[in-house]
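Enquirer: Per TrEMBL, region 'Disordered' is recorded for 1-20. Residues or ranges marked as domain 'Kinesin motor' by TrEMBL: 1-330. If you look up TrEMBL, you'll see GLY78, GLN79, THR80, GLY81, SER82, GLY83, LYS84, SER85 marked as ATP binding site. Feature annotation from TrEMBL assigns coiled coil to 385-420.
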Amino acid sequence: MSGQTTEITDPENPKAEPRKFAFDHSYWSHDGFNEREDGYLEPAGAKYDDQQKVFEDLGKGVLDNAWKGYNCSLFAYGQTGSGKSYSMVGYGVNKGIVPLACEDLFRGISAKRESAVKDEEYQVTLSMLEIYNEQVRDLLNLKTLQKGGLKVRQHPTKGFYVESQSNWPVDSYDEINNKINEGTRNRTVASTNMNATSSRAHTIVAVSFVQKSSNEAGQNMTKTSVINLVDLAGSERAESTGATGDRLKEGSAINQSLSSLGNCIKALADISQGKKKVVVPFRDSVLTKLLQNALGGNSKTVMIAALSPADINYEETLSTLRFADRAKAIKTSAIVNESPTDKLIRELREENQRLMDMLKSGGGGASLEMGGGGQGKSGYSEDEVAEMKRALEEQVRQNAQELEDMKKSWAEKMQEGQQQTMAGMAQENKEHEEMKTTPHFWNLNEDPALTRMIIHFCRAGESKIGNRKADPAPEILLNGLSIQKEHAVITNNNNTVKIRPQVSAKVMVNGQEIKSETTLHHNDRVMFGSNLLFAFHHPQELEKQVKEGIKIETPTYDSAQEEIAQKSGLMKDIGGADGKSKEDLLLQEDLIQLLPMINEANAMSEELDKKVIFEIALVSSQARGVQDGKTEVMVKMRNMENENEWMFSRNDFINRKYLMQEMYANYMQGDADWDVPKERDPFWEPADTETLIGTVHVYLQSLGYMIELQENLAIADYKGVEQGHLTVEVQPCSEKWDNIEEDYFVDNPAELVGKKIYFKLKIPFARGLPQRFVQSFCRYKFYLEDKDVQTQVVSGTINPDFGHEKKYQLDVTKQLIEYIANSPLVIEIWGMQKGDSSPSKASTNNKNNKNNKTKALMKREKTIVNSPTTVTVSKDEKIKEEEEKYKSASEVNMYKKKAEKEEAKIHKIQEFLDSAKASGQTTIQASDLEALLANHPGNRGNKSSSTCAIL
């Protein structure tokens with residue numbers, strides 16, 4: 001980064017010209033700093049830009065515009081972990097734009113109040129919303145965390161707004177900070193209860209700043225500014241989480257917001273560049289509706305694009321830069337929001353009267369009265385009429401609330417707000433004091449902002465852990481996947497804390513599942529159920545460790561998940577602890593991300609009684625038939641009733657997991673229609689979906705010698721397990737497609753360069769395929785073919801006769817000879833499985849179902865494999881070893897056939913000589929012998945005489 005320019009270099013091609021992007025500011029904050037005693041990171045040179053520098057450039061501009069009465073918006077966009085929250089909020093003494101701007105705002109208000117005249121007033125209110133799965137939740141009002149979320153309405157002049165959104169008066173940054181912490185805690189609890197993914201949620205904190213004063217004419221004036229602080233969901237691989245090739249790729253509402261935001265920014269950029277007839281799709285998502293003003297309307301907007309400097313994140317970083325590059329082209333039209341207070345009140349009253357008249361007359365211009373057949377006289381349905389009336393009533397209510405607020409003094413508003421928050425603050429202070437002396441759990445979350453938001457105390461004596469169904473209620477209430485009514489018991493005896501899991505309850509300590517009572521120590525990592533991860537804090541042990549000078553490392557969500565992955569045996573399959581390659585690091589990153597997702601998917605399958613189980617599969621390049629490639633993380637879904645299996649790519653599974661979460665959230669909220677039709681069910685896949693049975697590798701060295709090949713090869717799946725046998729034949733031919741003579745061969749493949757070869761590739765049949773397959777076919781690409789060649793599909797047998805034959809006529813090049821000598825032909829065997837694998841809906845009608853078949857099936861799986869989350873690893877060494885054995889055997893077989901052909905040639909010469917002797921000939925013509933030996937490598941080209949004697 002230099003000045004306004006940001007450059008990025010492809011680590012795969014470091015000699016290539018860097019890609020350059022120009023912005024208003026480019027800040028480097030990765031290294032080049034010194035840490036002061038108080039923890040503040042200050043520049044060690046000109047390269048590093050500290051938090052104060054960013055605030056001076058961006059935050060002060062936002063504040064200046066707010067004082068002038070402009071709406072302002074500040075976006076943070078980028079992949080999770082790239083520094084969005086650090087830039088917006090900061091960490092410790094390294095405060096971000098939000099706290100610095102709020103502190104500066106209240107300093108300015110305090111200064112103004114000291115010299116304020118009569119009727120001069122400064123008011124600040126705060127709201128905090130979350131958008132997840134296209135639903136809006138008010139994080140400062142627990143009562144609104146309800147099924148379906150809050151409604152988004154449209155005001156004729158103010159645009160989109162959230163119905164029943166709460167706005168809290170605040171009078172200092174500390175109050176703002178307390179409210180944001182309260183909203184964050186509520187967000188953490190809500191996401192845990194609904195099993196939501198926090199990194200896929202957008203958070204909007206809106207600070208409303210109202211200035212009331214008198215102008216020179218003596219009019220009471222009101223100047224209003226709304227500062228929107230928007231923390232967008234993690235953008236990592238956002239373009240690919242929709243999945244490619246999956247039937248459910250458009251199904252997830254979770255992916256919709258970021259996609260819609262990108263589409264809106266592209267359309268707005270096109271308009272700014274002069275393109276005509278461009279429609280901006282603001283209505284495509286809740287996020288873009290609420291940010292319409294910020295993106296293309298009445299607002300001064302700043303976007304922060306947070307980048308990761310790690311080369312393994314090159315693609316995501318480049319995507320973020322491109323996104324920001326499009327966004328910078330957008331032009332907004334901000335205006336000062338200032339009007340006489342009396343005028344605002346009068347306009348609100350007039351609008352309220354107009355809306356009341358509309359309601360009384362049935363909606364204004366078009367009558368909303370109902371006619372026959374459930375249709376209104378205006379053509380609206382009964383539901384549409386009801387919804388329109390509700391919208392009008394909500395506008396009346398909203399306007400009435402605004403009128404009431406305008407009439408209230410600021411002191412009255414502050415008093416009301418403080419009464420509601422004082423009790424909460426007192427309880428919070430009490431908890432903070434208790435945390436200093438009492439052992440407790442604090443939550444770990446993938447989003448650092450949501451970590452340490454949930455505290456559970458391990459007070460003296462016995463504390464039971466369970467879910468809301470427990471009676472009496474447990475001391476530690478947990479709601480999440482796989483949490484039992486009676487899950488575990490904590491005992492605290494003189495500050496020695498032990499945990500004892502109940503029968504069938506899942507509890508992990510430091511990455512390992514425990515079955516008996518275990519003593520907990522400071523900073524132990526504890527997982528309850530499938531995904532509730534906590535760290536254990538022991539104040540007395542901490543104090544002792546500090547005195548003894550023991551280095552204390554605070555656990556993080558990532559380190560805890562990495563520990564679980566290591567204890568599961570995953571990490572040993574991707575290289576040692578040191579010296580990992582870029583591919584190994586990417587693989588490790590995918591594994592750590594997917595492992596908790598697999599646990600959650602299995603827990604949801606069990607609770608929803610879907611009868612399927614998921615497991616991670618590490619599929620090597622050799623197993624995929626790629627000579628030089630990386631190991632891929634895939635996910636296998638298996639139906640535990642009929643053993644049908646399907647393999648999903650990482651991105652396809654992640655997309656499905658979001659759909660599972662949507663389904664589970666609806667189930668938890670009591671939605672009667674939570675179980676969607678099977679075509680939209682992420683736990684279901686059609687039996688006739690093409691599924692890879694396995695592959696065979698055919699080495700073609702014999703073709704280079706024009707020797708026929710016939711092999712009966714084992715079909716191996718990605719684990720190297722035999723799944724049947726396939727017969728493959730390669731028959732060299734003449735240009736008329738006749739089989740070449742039995743004794744014909746080429747001594748050196750290089751002799752074929754510049755000539756044409758003709759041969760037939762045959763796949764006659766397969767034998768002994770798995771019983772679950774009712775249809776099968778083969779697919780392959782030979783040499784430079786760009787499209788797959790496919791055999792016919794054979795049904796109703798596990799011993800299919802494909803009868804496949806394809807003729808090849810090729811010009812021989814050195815490249816072809818190299819391919820034939822060293823590269824195997826990979827033939828994939830695909831199949832369609834039998835039976836309809838539709839999940840049963842009959843057994844999932846209520847949450848208290850005692851006949852949950854999946855639970856019993858999962859229990860059986862645990863008995864067999866010790867864990868419901870099996871990790872299946874393709875055995876590279878085994879596959880390589882088998883491949884080398886087959887390659888060697890092919891070479892031996894080829895040389896054996898070559899020797900047989902030479903023997904046949906010698907036999908033919910002997911027969912010719914015996915025939916000549918029998919006829920009394922003492923000489924033979926050289927031309928006859930040459931014709932006989934034309935293909936014999938030892939005599940090719942010898943012409944010693946026109947005749948030779950028979951000895």
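Using N, Cα and C of the backbone, Cβ positions are placed for all residues, glycine too.
TrEMBL: automatically predicted annotations, no manual curation.
Keep in mind that what you see is a predicted model, and the values were worked out from it rather than measured.
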Enquirer: Ranked by the number of other Cβ atoms within 10 Å of their own Cβ, which of the binding-site residues GLY78, GLY81, GLY83 ranks first?
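Expert: Answer returned by the neighbour count: GLY78.
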Enquirer: Within a 10 Å radius around the Cβ, which one of these binding-site residues has the most neighbouring Cβ atoms: GLN79, THR80, SER82, SER85?
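Expert: Answer by Cβ density within 10 Å: SER82.
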Enquirer: Enumerate the residues of the same chain, GLY78, GLN79, THR80, GLY81, SER82, GLY83, LYS84, SER85 excluded, that satisfy the criterion Cβ within 8 A of the mean position of the Cβ atoms of the recorded ATP site; list them in sequence order.
Expert: ALA76, TYR86, GLY234, ALA306, SER308
Enquirer: What count of other C-beta atoms do you get within 10 angstroms of the C-beta of LYS84 (ATP binding site), across all chains shown?
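Expert: I get 24 for this one.
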Enquirer: Tally the residues of the region 'Disordered' (1-20) by DSSP class, grouping H, G and I as helix, E and B as strand, and everything else as coil.
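Expert: For that range the per-state counts are 0 helix, 7 strand, 13 coil.
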